[in-house]
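The active site, proton donor feature in TrEMBL is assigned to HIS674. Annotated 5-methyltetrahydropteroyltri-L-glutamate binding site per TrEMBL: LYS21, ASN118, TRP541, in sequence order. Taken from TrEMBL, the feature L-methionine binding site applies to ILE411, GLY412, SER413, GLU464, ASP579. Residues annotated as L-homocysteine binding site in TrEMBL: ILE411, GLY412, SER413, ASP579. Annotation comment: TrEMBL describes HIS621, CYS623, GLU645, CYS707 as Zn(2+) binding site. The feature domain 'Cobalamin-independent methionine synthase MetE N-terminal' is assigned by TrEMBL to 6-309. Summarising the annotation, TrEMBL assigns domain 'Cobalamin-independent methionine synthase MetE C-terminal/archaeal' to 406-728.
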Amino acid sequence: MVNKATATIGYPRIGLNREMKKALEAYWGGKSSLDELLKVSKQVEEESLKDQMNAGIQLIGVGDHTMYDHVLDWTFRLGLIPDRFKQVQNPKDKYFAMARGNKEGLQALDMSKFFDSNYHYLVPELNAHSKPSPSFEEFLDEISRAQQQIGKERAVPIVFGPVTYARLARCEGVSVDEMISRLVPAYVSLLNSLKSLQVPEVQLHEPGFVLGDAETLQKAAEAAYQELAKVQVPINLVTYYDDLGKTYPWVVKLPVQTISMDFVRGDNLSLVKKHGFPADKKLGAGVLDGRSVWKDTGYAAQVIKELEAIVKSAIVVQPSCSLMHVPLDVNSEPSLDSSLKSRLSFARQKIAELGVVASGKSDGASSGSSGATSQDLEATLDKSMFSRCEPFSKRRSQQFTVPGGFGTTTIGSFPQTPAVRKLRLQYKKGQVSEEEYQRQIDRHISFAIGVQEALGLDVFVHGESERSDMVEYFGQKLRGFTFTENGWVQSYGSRYVRPPIIYADVSRISPMTVREFVVAQSMTNKPVKGMLTGPVTILNWSFPRKDIPRKQQALQIALALRDEVADLEKAGCAIIQMDEPALREGLPLKKERWNEYLDWAVKSFRLSTVVAAPKTQIVTHLCYSDFQDILEAIDQMDADVLTIENSRSDDAMLRALAQYGYARDIGPGVYDVHSPAVPSTEFLVKKMEGFKKSGILLERLWINPDCGLKTRQWEEVIPSLRNMVDVAVQLRKTTKNGI
């Protein structure tokens, strides 16, 4: 194997020590200036480029740094700003209002999962009047800074492609094809500006081409790229997250100089073997898994070898996708077991691996996991373990309900105050004993219960003060998981997570949540929910093993959670919430693969929950994804209550559930937990008034916020919930057959 060029197509943009999070939250909290925020942002940007330059990467993707979300960045740069934000004069205030809303009550853009990842993007809102009014100055300045730091010959601008941008937008009154054509002049202008900067090429990121419906984009995409090609700046068309599937034959014929493909997910290798690859184009071979923390085992070198036998032009070695999906540096993990650590590869390690693969010296060292279980776990389980003993129609009368509907509750977490975070850190460092730690946690639980009593909520939660993260907490109490100290990954904005790493078979060690439930329930006569994270979400929000199928790992986690459900029930818990916000996220991008995934995902949820007696109410929570196309699977989960994120989406999911004929209880979110605004009673009345138009039986409605409240402050939470409860109680009193 001869030496190959190396490239990156995106890099973590949060900083080694979460500098961006700290700077953003200080700015939002009025504790720092915009200049201070921008200074930190540029420092993080520079460090990212320095990493890639020091690793010897020849073509470094630049311009992907963001203050909140890269899709939002392009909405802002293209001038496609919804009318409601035009009243905000300051550009940065406008940008953050689009991301988070503001205290004046402006509703933020809707947020959704980015393809099948745990990253969330802000959904562009486009309509018949939408016409780009671009301003690319800040982006061009970023490119110029990168050129000065790493050299013009290495700095390759990353541009979010017009086809994918339009495809991911919410288009009302305008077709996706029409929006693509409207975007083209703005992109032509940008390419001309980049050409004047003498860039070696431009990466146009078009992951939308791997979606199952991408065939419908062919005509508009071909027309768009014909126009873009006229600028005569080299274009690298970058796709990732899956193979091109049926779009491959026409995508590789687009008038671009390089086609980049993901050779880790999907089966692009078979497509190349079947159809060949154009001799006049370079191939960007995404052979290192940009979404896994495991070192390459020799797979990358093998794929390159097979491609060399087919591809006649140059091959560039690169990650399968942006490295924003993995932590920054495994060397920042001093506490990891050394034998495990040697098999891990974070962003800095992966860019070093690129050079090894490109040089042909890949050693194929063992990695991936340990303690493999090869048997089909489902085949060993009795079928009765997947079904509740009575149907919902018989269960509901035995469970807690609020006559007339409009029962009030929250989704689970309450504010993670500085005092709570400090306590957990002290406990982690051994500065407080377990006895003292639990005593302090119980004080926070007591406060949360007292607040809910004062507000008059119907179903309580304990507040989750002992949990830093809804997945990490459970992983720390299960065999088969390991954890990082600094392995942060951006979920959205300043919300970062530390995904656990699954390295062996999973099982429960001891009860995980029972103690806190018992403490909380002892403080009130109102029912307190047991709060669990579901098996599919734990799996999808972890870095899984690569030696056994995801299905096997999900079922292992489900069995562990099943034991927890049984123990909560024995402790007197009458309502158990099993959250599955990542259910949709794990759905394959090609529809023909959906049934297999949904089959084991639903079975995993049911395996976890059906151990509950008919009188025990099982609640689940779904959020920040489009679930309308998997309603049958949601129905098959057989939860007694379904709570959903709803406030930003204009009741779309609620109407879809009604049209489907969903017959169980539903809790649509009535206000946006990511906005600092306190919802007024007028706003909430209007929101709840809209529910009668959905077709859902009002007696089966629950009222709750969109999601957990951990990122908010008590000063926001208490008045928000007070207004929510007041409106719900009033509607309950005045409602019989409608609002």
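Each Cβ is built from the backbone N, Cα and C atoms, and glycine gets one as well.
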Output field, L-methionine shell: CB within 8 Å of site CB centroid, site ILE411, GLY412, SER413, GLU464, ASP579 dropped: THR410, VAL461, MET470, MET531, GLN577, HIS621, CYS707, GLY708, LYS710
Please give me the recorded positions out of ASN118, HIS621, HIS674 that lie within 10 Å of ASP579 (L-methionine binding site), comparing Cα atoms only. HIS621
Subset of binding-site residues (LYS21, ASN118, TRP541) lying within 10 A of ILE411 (L-methionine binding site), CA to CA, in sequence order: none
Using C-alpha atoms only, work out the spacing between HIS674 (active site, proton donor) and GLU645 (Zn(2+) binding site) and round it to an integer in Å. 11
Tell me the Cβ neighbour count for TRP541 (5-methyltetrahydropteroyltri-L-glutamate binding site), meaning other Cβ atoms within 10 Å of its Cβ, over all protein chains shown. 23
Looking at the binding-site residues LYS21, ASN118, GLY412, SER413, GLU464, TRP541, which ones sit with their CA no more than 10 Å from the CA of CYS623 (Zn(2+) binding site)? none
Closest of LYS21, ASN118, HIS621, CYS707 to GLY412 (L-methionine binding site), Cα positions, binding-site residues only: CYS707
Considering Cα atoms only, can you say which of SER413, GLU464, HIS621 is the nearest neighbour of TRP541 (5-methyltetrahydropteroyltri-L-glutamate binding site) among these binding-site residues? HIS621
Whole-Å Cα distance, GLU645 (Zn(2+) binding site) to ASN118 (5-methyltetrahydropteroyltri-L-glutamate binding site), is 16
Keeping only the binding-site residues of LYS21, SER413, GLU464 whose C-alpha lies within 10 A of that of CYS707 (Zn(2+) binding site) yields SER413
Of LYS21, ASN118, SER413, i.e. the binding-site residues, those within 10 Å of HIS621 (Zn(2+) binding site) when Cα atoms are compared: none
